[in-house]
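Annotation source TrEMBL lists active site, proton acceptor at Lys195. Taken from TrEMBL, the feature NADPH binding site covers Tyr50, Lys107, Ala144, Arg259, Ile283, Glu285. According to TrEMBL, the substrate binding site annotation covers Lys107, Arg259, Asn260. For Ala144, Arg259, the entry in TrEMBL reads NAD(+) binding site. The domain 'Glycerol-3-phosphate dehydrogenase NAD-dependent N-terminal' annotation in TrEMBL covers 4-164. Taken from TrEMBL, the feature domain 'Glycerol-3-phosphate dehydrogenase NAD-dependent C-terminal' applies to 184-322.
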Amino acid sequence: MSKKITIIGDGAMATVSALLLENKGYSVTIWGAFADYTAEMIQTRENSRYLPGYKLPDAIKLTSESDRAFRDVDFVINAVPTQYVRTVWSRLADALPAGLPIASLSKGIETDTLLRPTQIITDVLSPLGKQERSLACISGPSVADELAKCLPATVCAASDDADFAKELQETFNTHWFRVYTNSDLLGVELAGATKNVIALAAGMLDGLQAGINAKSALLSRGLAEITRLGLAMGASQETFFGISGVGDLATTCFSPTGRNRTCGEQLGRGRKLDDVLDAIPGIVEGVPTTKSVLQLSEKFKIEMPITEALNMVLFQGLDPLEGISKLMSRGLKAEQIR
Ligand code: 13P
């Protein structure tokens, strides 16, 4: 029996997910928050802002009406930038049927609350008595423009509910998109969020032409610090060393078109953050998430020098070159020499 799936969000990942699932014969609806833009996509059958050049087949339904989003749906995909998850799900909550499972594609940590995307959804639904449902996240090295070309890629579907993770695996898996399952929802979601912070710093090194040695050092020390945080929060080390950890870290730090790396590169070239963000289509998740990760490092008393230096560059006017010098001249500790 063909499944019905609704995707919440109209960004690049929402659109490539819709294309993949429609191509597998599922009935797919995209819900967009902005009625005018949804109407434009219905008219042109293209997501010209976030995934230009790819025709949306007529079978993909588009709506911005909450009560049409969940009709007879088997499960829902959250593909909204992290800092908008709360607003969007507050708007959708009344129309959301009891028990309908939700899988999230968002990669960030909400500022102030320090919640992961699936936790934000629970936080919105709990006061309404609507939190009783399976939640999952799907994360891994998955740059949208490569997925749109059906280039080989892998992700993890992570959930406390093994049956839902398996259902997501079977639903998304295809000959060019391999889906693994993982029970470490916390780790997979946290790794996906924190790698964006390191990718901003990696982009800065590119912009400064700091060299490949510097970038490889950043990736390995970056992985060490996000893993330290993950372990302190209860995630599994294996997750950080797997595709949704080091795998996604590598992709995001090297992707020529990646938003986080590109943002960092422009900052490394001396441009101002606001100007850079204005010029990048979509949301650069790593920017607000840097603030959140820094706060998590303070809360869990974890040393995260790269995150700390990046936060100073992004929000306190530290020159990126000074940031590197700060990191390189830190005191040496025997147990840190690897
Ligand atoms: P960007 O948001 O930096 O484009 O990264 C996408 C991503 O998460 C790749 O897996």
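Glycine residues also receive a Cβ, built from the backbone N, Cα and C atoms like all the rest.
Long-range neighbours of Lys195 (active site, proton acceptor) (same chain, six or more residues apart, CB within less than 8 Å of its CB): Lys107, Gly222, Ile226, Gly245, Asp248, Leu249, Thr252, Cys253. Note: the CA-CA distance between Asn260 (substrate binding site) and Ala144 (NADPH binding site) rounds to 13 Å. By a simple count of nearby Cβ atoms, those within 10 Å, the most crowded of the binding-site residues Lys107, Arg259 is Lys107. In the three-state DSSP scheme, Lys195 (active site, proton acceptor) is classed as helix. Here the domain 'Glycerol-3-phosphate dehydrogenase NAD-dependent C-terminal' (184-322) has, by DSSP, the following mix of helix, strand and coil residues: 106 helix, 0 strand, 33 coil. A Cβ distance below 6 Å to any atom of ligand 1 is met, among the binding-site residues Lys107, Ala144, Arg259, Asn260, Ile283, by Lys107, Arg259, Asn260.
Cβ proximity to the substrate site centre (mean Cβ of Lys107, Arg259, Asn260, cutoff 8 Å) flags the following additional same-chain residues: Asn196, Ala199, Thr252, Gly258, Ile283, Val284, Glu285, Gly286. Just so you know, the Cβ of Tyr50 (NADPH binding site) picks up 17 other Cβ atoms within 10 Å once every protein chain is counted. According to its DSSP assignment, Ala144 (NADPH binding site) is helical.
Across the residues the record lists as binding NADPH (Tyr50, Lys107, Ala144, Arg259, Ile283, Glu285), the two Cα atoms farthest apart are 17 Å from each other. Those same-chain residues not listed among Tyr50, Lys107, Ala144, Arg259, Ile283, Glu285 yet with C-beta within 8 angstroms of the centroid of the NADPH site C-beta atoms are Gly11, Ala12, Met13, Pro81, Gly282, Val284.
Cβ neighbours of Glu285 (NADPH binding site) (same chain, under 8 Å, six or more residues apart in sequence): Pro81, Thr82, Ser106, Lys107, Gly108, Ala193, Asn196, Arg259, Asn260. Of all Cβ atoms in the protein chains displayed, 18 besides its own lie within 10 Å of the Cβ of Ile283 (NADPH binding site).
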